[in-house]
């Protein structure tokens, strides 16, 4: 496994989706860029908002694709190709229906669990190599509600608080070693 050189938050670029469950990957990138005092700037050639910061002399790029979720892979591929970053050096941050709000899970592999943004990344890269995902729990809808509608709705106030607390705790827990290989071995679920 390689060191992390790029962190991408998956989401839909349309403004009305900013605070929805499906955009928690964007929430993560916004909070991380704020934590490291770096600002995201739109870069047309990468179809997304890009920034970078140094952590213990290791440069880490941040990316928020400016595309719909099912096209996020194109933005990820454009930035990673330009800077010669392998898929295995990318941390993909995304929402996860199978985890409750406030629970995070790091997973390593090539599975997408039905997530269209992750599918887009897998389909865009020629070599199907394992990569790291930070799955942010958003919970499942009650009473078999339509999942597509559920992920495009804003979470409740308490769920929003739990999700943001979990993100912040993860940022604090990983700030000293996210660039190290040891980070990749940690697949624990974090309860907040």
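From the backbone N, Cα and C atoms, a Cβ is placed for every residue, glycine too.
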Of the candidates 113, 116, 123, which one does Swiss-Prot list alongside 17, 68, 70 as binding tRNA? 116
Whose Cβ, among the binding-site residues 17, 68, has more other Cβ atoms within 10 Å than any of the rest? 17
May I ask which of the recorded positions 12, 22, 95 is closest to residue 68 (tRNA binding site) if we compare their C-alpha atoms? 12
Which recorded positions are spatial neighbours of residue 95 (site 'Stabilizes the basic form of H active site to accept a proton') here, meaning Cα within 10 Å, out of 17, 22, 70? 22
Can you check which residue among the recorded positions 12, 70, 116 has the largest number of Cβ atoms within 10 Å of its own? 12
